[in-house]
Every structure is written in C-alpha cells, then in structure tokens.
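Pulled from Swiss-Prot:
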TOPO_DOM  1-16  topological domain 'Cytoplasmic'
TRANSMEM  17-39  transmembrane segment
TOPO_DOM  40-618  topological domain 'Lumenal'
CARBOHYD  Asn81  N-linked glycosylation site
CARBOHYD  Asn149  N-linked glycosylation site
BINDING   Asp197, Arg228, Ser252, Trp358, Arg389  substrate binding site
BINDING   Asp251, His253, His386  Mn(2+) binding site
REGION    327-389  region 'Catalytic subdomain B'
DOMAIN    474-609  domain 'Ricin B-type lectin'
CARBOHYD  Asn483  N-linked glycosylation site
CARBOHYD  Asn605  N-linked glycosylation site
Amino acid sequence: MIASLIRSRRRSRRCVVYSVFLFGFLALWGSFALALVFLSDMYIGEDQISTQKAIKPIARSNYHVVVGHYNGNLPEDKKRNLTSEELNANLYAPHDDWGEGGAGVSHLTPEQQKLADSTFAVNQFNLLVSDGISVRRSLPEIRKPSCRNMTYPDNLPTTSVIIVYHNEAYSTLLRTVWSVIDRSPKELLKEIILVDDFSDREFLRYPTLDTTLKPLPTDIKIIRSKERVGLIRARMMGAQEAQGDVLTFLDSHCECTKGWLEPLLTRIKLNRKAVPCPVIDIINDNTFQYQKGIEMFRGGFNWNLQFRWYGMPTAMAKQHLLDPTGPIESPTMAGGLFSINRNYFEELGEYDPGMDIWGGENLEMSFRIWQCGGRVEILPCSHVGHVFRKSSPHDFPGKSSGKVLNTNLLRVAEVWMDDWKHYFYKIAPQAHRMRSSIDVSERVELRKKLNCKSFKWYLQNVFQDHFLPTPLDRFGRMTSSSNSSVCLAWTLRSSGIKTASTADCLKIFHKTQLWLYTGDRRIRTDEHLCLSVVQLLHTTSDWKIQLKECAGFDTEYWDFKPKIGRFQNRKTGLCLASPDIFDPTKDEFNPPIVQKCRSSNDRQNWTITEMSWLPEHP
C-alpha cells in the first residue's frame with residue numbers, strides 16, 4: 001500500500017510538472033515561436049545510407065524567404081564576366097567526404113574560394129561546392145521518433161514526380177532526381193517527369209542529359225519546351241503527360257529525405273481533396289548544409305499578396321502538441337513542393353493558364369482549394385530540403401518582372417478575393433491600372449461551376465488570424481493630437497527588423513502608416529504585426545514600444561477612449577504617446593513611447609483618420 005501511495009505521488013508530481021511546463025510553453029509561444037523547434041525531437045538519427053551529423057534548426061529570420069523560381073532579371077553586372085564556357089561547363093567532380101550526412105562544406109582553399117566566387121552568379125548558389133558533393137549524398141534522419149514509428153496503409157496511390165527546370169546546375173538537378181529515387185518506395189513511384197523550360201546549357205540538352213538518365217532505375221521522361229513558357233505552363237505540360245494517381249511537384253534543387261513520400265500519399269488516400277505539402281528544410285546556398293526546417297509555421301500572405309510564413313495561432317499550437325504528427329492546416333502554400341490527386345487537379349482547373357512565368361500561382365491555387373471544398377496542409381512527418389537562394393539567376397523573357405507579377409496577382413484578386421481585391425489595389429495601384437486589359441471571365445465561370453465559397457468565408461474559417469481590414473475594425477492613419485502632421489508608422493531597419501516609429505504623414509495610401517484598431521482591441525498592421533510593449537528591465541516603469549508578430553499576449557491589447565483619443569495598454573496601464581521631441585531629420589526613427597497617463601498631456605491623444613478602401617457605390 002505504501003509503495004502504491006509513493007507511485008501515486010510520483011505520478012501526481014509528474015502531472016504537475018507537465019502542466020506547469022505546458023502553461024509556460026503556451027505563454028511564451030507568440031514571442032518565441034522558435035522555442036517550438038526545441039520541443040520537437042532534436043535527435044538526428046541515421047538513415048540507411050548516412051553517417052550521423054548534427055544539424056542546427058534554421059532561424060526564423062531566414063524563413064520568410066519564398067520558395068521561388070523566376071524572381072527577377074539577373075543584373076547585367078552579374079552576367080558580364082560569365083563566359084559561354086563557364087555557363088556550359090559541367091564540373092561535377094564529387095569529393096569522397098564532402099556534404100555527407102547533410103554536412104556543409106565551408107573550408108575551401110584560396111583557389112577554390114576564388115572559383116566559387118566567380119561562378120556563384122551562374123545559379124545564385126555555390127556551384128563549386130554543389131559540384132563537389134555527390135548527387136547521392138547521405139542525409140540525416142530528420143523525422144521525430146513518432147514519425148519514424150508510423151505505419152502506413154497498403155495500396156497507397158502511385159505518384160508522378162514532376163520537376164521543372166531552366167538552366168539548372170547538373171549537380172543539383174541530378175541530386176534532386178536521385179533523392180527521389182533513393183528515398184521513395186519503388187512501388188509508389190510511377191515515374192519522374194522532367195520538364196525542360198527551354199534550357200540552353202549543353203549538359204541539359206539532348207542527347208547528353210538523356211544518356212545520363214537512361215541507366216537510372218526508374219521511368220524518367222524528359223519533356224522539352226520549344227520556347228520559354230515559365231514555371232506555370234511547364235508544370236501543366238508535365239501534368240498532362242503524367243500517369244500516376246497523384247501529381248507531386250518539386251523544384252529542381254531539392255533533396256528528399258527518408259520517409260518523405262508515404263505521408264503525402266496517405267493523406268490523399270484518406271481525403272482526395274487534401275493537398276499536402278512537406279515541411280521545407282533549408283539547404284544553405286553557400287555551404288549546402290542541410291538544416292531542419294520548422295514544423296510549427298504555416299503559410300499566409302501580406303498586404304502585397306506576397307507569401308509569408310507565420311507562426312501558428314496559440315490555440316492551434318496547443319492542439320498540435322497533442323498530435324505532433326497530424327496535418328497542419330495552412331491558409332496558403334509556398335507552391336514549390338506539394339502533392340495533389342491527379343483527377344482532383346483536373347477537376348479543380350489545374351493552374352490558371354492566364355498566369356505567366358511565375359508568381360502568385362501558389363496563392364491562386366491555395367484560395368481555390370480552400371474556397372472550393374479542399375484543404376491545404378503541411379505534414380510534419382514529410383521533409384524535403386530546398387536550396388534557398390537570395391536572388392534568382394533567371395529572368396522573365398521579354399517582359400519586366402513587375403508587369404508579370406502584377407498581372408498574375410491581379411488575376412488572383414479579381415477571381416477570388418471579392419471586396420478585398422479593392423484593398424489590394426490600394427496597396428498595389430500599379431496592378432489596378434492594368435485591370436481593364438485583363439480578362440478573367442473563364443476563371444470566374446470556373447469559380448461559379450465549382451460552387452466555391454466567398455473570400456469572407458475564407459478569412460473567417462481558414463485564415464482567422466489574418467490582418468486585412470474588416471467592418472469590425474477602425475482602419476486608417478493614427479495622428480498625434482499634439483502635431484496633426486505626425487503619424488504613427490513603422491520603419492524597416494537595415495537589419496530587416498520592422499520597428500514602430502513616428503513620421504511626417506504621407507498624403508498617399510501607404511502601408512507603413514496604415515493601422516487597424518481591431519474589434520478585439522489590438523493595433524495591427526501589415527506582416528501580422530501588433531503594437532505591443534516590452535519590459536526592458538524588471539521594474540514597473542521601464543516599458544518600451546515593440547512591434548512584434550501577433551500572439552495574443554495581454555501586452556498587445558489597448559483600450560481606446562475615443563472622446564479623448566487615448567490608447568491605454570491593458571497590461572501596464574500606460575498610455576501610448578508620441579515622442580517628447582519629434583525631429584524627422586534625425587537618423588533615429590522617432591519611436592513612440594508609453595508613459596503614465598495624464599489628461600493634460602496631448603502627446604498621449606491620437607486621432608484615427610479612417611480611410612476607405614472599398615469603392616463608393618451610388
């Protein structure tokens with residue numbers, strides 16, 4: 001009996017410890033989203049062909065980079081010193097130990113470093129290092145133990161893996177192909193379809209590449225476009241030739257890890273309208289170190305309709321802790337890596353054929369999937385690495401990148417965003433000016449045919465933590481009563497961090513001076529940011545304004561007294577004020593402050609000048 005009592009007390013203590021841990025975790029989640037990485041299993045095991053290597057989780061600050069393909073024109077100064085011989089050279093010559101186990105290569109000789117620097121612009125990554133790493137290099141076991149122990153149903157659907165490339169490096173393209181072959185069950189891999197978007201590198205042309213791929217132990221098809229068509233149309237070319245039950249799209253500079261495919265196909269077997277994406281791990285563009293990605297972020301978008309990664313809402317994070325292998329609902333997908341039932345892809349309307357080259361197709365497909373009865377998900381048990389480049393080596397043939405992107409995003413807004421398209425046009429007037437020349441009637445008819453839901457439904461049910469204006473919000477500029485020409489603003493520092501500031505009010509509709517005072521009493525702006533306060537020292541008075549990702553902390557909530565225009569922070573009881581001295585010529589950003597509320601201090605009084613983003617109706 002005594003032993004039983006001791007065991008009972010031990011269990012009780014464990015429960016208390018766990019409860020305290022869970023409470024503390026949830027309290028810190030919003031500000032420290034990266035802490036979730038450490039709660040994931042950080043043990044890096046070995047797959048069947050690798051040596052164990054330590055891999056650091058990728059930093060959140062590096063994770064806003066979009067999985068991209070055709071991001072803009074290669075500057076002339078980068079093209080100038082690249083000879084035809086350099087562009088067409090295939091210098092693949094692997095070293096025995098380079099990159100094994102996902103390790104990075106950083107210790108180059110002076111001669112190697114000089115060559116690496118001179119050829120970096122060819123593909124906007126370290127070509128010398130990539131060419132020195134085996135196309136069948138080993139990778140560590142990335143998955144957490146609960147994922148490794150999972151079993152999957154029999155008779156999973158087969159997949160066609162579609163990889164589009166344009167002037168891709170030989171080593172990264174072959175490494176992508178081999179990783180698919182080596183780490184996919186043979187019975188599930190129907191074929192690999194390579195779509196050449198009019199490459200002009202000799203080693204990618206017929207018959208050189210065809211001869212290289214012919215001995216590989218899987219069915220590989222190469223489709224070559226006779227002109228440059230861009231990612232969107234090239235993917236549709238591949239989809240039209242596919243024979244697998246499922247289409248799996250990958251970029252041409254990826255590495256699949258062990259167990260990457262089964263979770264994707266299982267999810268589609270269970271729900272044919274699910275569109276699952278793997279967790280995207282990071283392959284460093286300089287060292288090619290394989291770094292584990294963050295499993296607790298999901299896709300969103302900012303006011304410019306640019307894809308972004310944002311932390312899960314607290315309630316979702318809490319739920320995910322209870323089932324860390326379960327799918328994560330994502331409002332949008334990055335677009336480079338995902339699987340979709342082939343018949344469902346066709347029923348849903350494939351890609352929008354009116355979109356050109358690259359840009360916005362991931363948002364268009366995400367909105368369409370969600371609004372028309374499907375779901376976009378990220379699967380924590382599926383990991384695929386991707387080389388994240390800081391810029392693109394490719395161009396938009398015969399067109400400016402701005403015009404292509406604005407045209408594509410206009411199509412997204414016109415077809416899927418209903419009233420909120422007008423808000424996008426306010427933020428991107430250059431897109432609005434093209435509106436009369438773009439015909440989206442066929443896609444509008446598709447939306448009607450599929451009986452799709454409204455964008456309001458999408459915001460209320462899918463992207464509930466969005467930061468677009470709604471009728472419940474007060475939206476516009478916040479001006480200081482002490483100086484009506486001074487506006488609350490945010491400023492992008494050289495470090496890439498956005499900070500709260502005050503600035504001369506602009507006469508134009510500019511997102512850096514636009515704020516939402518929401519129905520739940522938060523002051524929000526673009527990029528999922530909230531005006532908050534942070535305590536610098538452990539005193540009751542030393543508080544500072546902070547612009548941070550919204551997380552639902554009580555430091556983010558402000559009670560507004562409209563008669564006097566005062567914002568009082570709920571956590572501290574302090575009032576928002578413009579700086580003591582406003583000097584727009586200073587290098588500093590004239591940050592707002594919080595201080596003890598005083599009725600005589602007009603710097604604590606603010607006026608919300610509401611701005612209309614909807615068109616006026618007669």
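Cβ from N, Cα, C; glycine included.
A map of Swiss-Prot features onto the structure.
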residue	record	CB count, 10 Å
Asp197	substrate binding site	27
Arg228	substrate binding site	19
Asp251	Mn(2+) binding site	23
Ser252	substrate binding site	24
His253	Mn(2+) binding site	26
Trp358	substrate binding site	24
His386	Mn(2+) binding site	22
Arg389	substrate binding site	16
Asn483	N-linked glycosylation site	15
Asn605	N-linked glycosylation site	20
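The recorded positions Asn149, Asp251, His253, His386, Asn483, Asn605 include none with a CA atom within 10 A of the CA of Trp358 (substrate binding site).
The closest partner of Ser252 (substrate binding site) among the recorded positions, by CA position, is His386; the full candidate set was Asn149, His386, Asn483, Asn605.
In this structure the C-alpha atoms belonging to Asn483 (N-linked glycosylation site) and His253 (Mn(2+) binding site) are separated by 53 Å. Break the region 'Catalytic subdomain B' (327-389) down by DSSP state and the numbers are 17 helix, 21 strand, 25 coil. Cβ neighbour count for Asn149 (N-linked glycosylation site): 9 (other Cβ atoms within 10 Å of its Cβ, all protein chains included).
When every Cα pair among Asp197, Arg228, Ser252, Trp358, Arg389 is compared, the largest distance found for this substrate site is 22 Å. Taking the Cα of Arg389 (substrate binding site) as the reference point, the closest of the recorded positions Asn149, Asp251, His253 is His253. Of all the binding-site residues in the record (Asp197, Arg228, Asp251, His253, His386), the one with the smallest CA separation from Asn605 (N-linked glycosylation site) is His386. Averaged over the topological domain 'Lumenal' (40-618), the predicted model reaches a pLDDT of 90. Comparing the Cα of Asp197 (substrate binding site) with the Cα of every entry in Asn149, Asp251, His386, these being the recorded positions, the smallest distance points to Asp251.
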